[in-house]
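Right, one structure below, let's go through it.
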Amino acid sequence: MVTIRADEISDIIRERIEQYNREVKILNTGTVLQVGDGIARIYGLDEVMAGELVEFEEGTIGIALNLESNNVGVVLMGDGLMIQEGSSVKATGRIAQIPVSEAFLGRVINALAKPIDGRGEISASESRLIESPAPGIISRRSVYEPLQTGLIAIDSMIPIGRGQRELIIGDRQTGKTAVATDTILNQQGQNVICVYVAIGQKASSVAQVVTTLQERGAMEYTIVVAETADSPATLQYLAPYTGATLAEYFMYREQHTSIIYDDPSKQAQAYRQMSLLLRRPPGREAYPGDVFYLHSRLLERAAKSSSRLGEGSMTALPIVETQSGDVSAYIPTNVISITDGQIFLSADLFNAGIRPAINVGISVSRVGSAAQIKAMKQVAGKLKLELAQFAELEAFAQFASDLDKATQNQLARGQRLRELLKQSQSAPLAVEEQIITIYTGTNGYLDSLEIGQVRKFLVELRTYLKTNKPQFQEIISSTKTFTKEAEALLKEAIQEQMERFLLQEQV
């Protein structure tokens, strides 16, 4: 018969008591009262934070936006088709954040930083909050380095600096996205990381942009964040903040970044949809009262870091679509007042064959020549004034029957200057090539040519200089100044090429 020993039993009980780990889990839960149109009303969740992520029973994630006395309004990050009335919801205790790493370069992701290009998962050890505060005044320094777009009209007259926010605005189909993609293509070899955020665009348009970037080898330094027109409003609202978070990650690692938002007016529409469904009071054009803050907190994150923070930069290029040229609508005026200047694209110029269709008269950069190299300042200083005078004269000349010789010469010069600003899509020019082009036009070397010959001559001149006078490019890139020596080389090349060109044309 087995004898029961009391000390053995007490030892076992003691051992079990020592091993017992008392864990108390406190969950903040609630119940779904109502769900539909991407919005859920939750009863409970008493201690939820504004902007906190909540998880539904079937796995959908939402963001608590409306904290009311008797319920919580949650926007869903998904279709929410499986959520049922009466099902439970728990607060996660986390604010929306995404993983960040170098591995995102060359990838196409959605607003939750999940890859959508079918090339597998992205490994990341760090994460950042989607909504993070913009750098303060002490953390910034004034913009002083240029961000070359490769477009003569912009780099010479509406220069963009690293850390600036420049709005690209115009009607639909005026080449706004083309300006942005050319800017990305021109950053090749410039050590600038680009982020392109497509908000509410057609999937085919986004695919076209990605294909262009891949063909030109620009995806190596680019991240594409895409939420197409069929995405839930919540994800379209979040996409720009996801892009900004990725750009910020590189900025704080002392790198230069450029971010394109295409376009914030679609984000505002998604936010309006969410706000109206949450029963927030509508304001002008039915947008909620805080739609200005929606864009200001996004665009204020673009900055040029101080030397203490490593002088990284984040340049923002928001693209806003206008309706039949109405720049005074609500969203365009909001974004104009937040940014440091705007590039206005005109449908009339576009249809007249002037592409990029930049209306130089009403476009402006509030950073100005601080964002240009000295050589560009020296050469392009009087270009904007000459074009403005030409536009005025051209309007006047329509009504005048006989014009004096000086006016005719000025009109002829203006037409040739306008011609040299034309560029093909996806063909950005290096700053040295732009200097060659502008100098040739402003100093009257094109006056003897027919308007139809101008572009052909300039292409051949740039090629001739590259092959026969490589010292010119070396002087500009090393000194950043248009020296006497560089000018002499350029004059010599123009004369030599002009003789060759005129002989060719006669044959």
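Keep in mind that glycine also has a Cβ here, set from the backbone N, Cα and C atoms.
As recorded in Swiss-Prot:
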BINDING   Gly170, Asp171, Arg172, Gln173, Thr174, Gly175, Lys176, Thr177  ATP binding site
SITE      Ser363  site 'Required for activity'
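This view paints the features noted in Swiss-Prot onto the structure.
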residue : record                       : contacts (Cβ under 8 Å, 6+ apart)
Gly170  : ATP binding site             : Lys176, Glu321, Thr322, Phe344, Leu345, Ser346, Ala347, Ala357
Asp171  : ATP binding site             : Glu321, Thr322, Gln323, Ser324, Gly325, Leu345, Ala347
Arg172  : ATP binding site             : Glu321
Gln173  : ATP binding site             : Ala347, Phe350
Thr174  : ATP binding site             : Leu345, Ser346, Ala347, Phe350, Ala357
Gly175  : ATP binding site             : Leu345, Phe350, Arg355, Pro356, Ala357, Gln425
Thr177  : ATP binding site             : Ser205, Val209, Asp262, Ile319
Ser363  : site 'Required for activity' : Met157, Ile158, Gly341, Gln342, Ile343, Phe344
Other residues, Cβ within 8 Å of Gly170, Asp171, Arg172, Gln173, Thr174, Gly175, Lys176, Thr177 Cβ centroid (ATP site): Glu321, Leu345, Ala347, Phe350, Ala357
Surrounding CB atoms that lie within 10 Å of the CB of Lys176 (ATP binding site), all protein chains: 25
Where Gly170 (ATP binding site) sits in the secondary structure, as DSSP reduces it to three classes: strand
Gly175 (ATP binding site): secondary structure state under DSSP, collapsed to three categories: coil
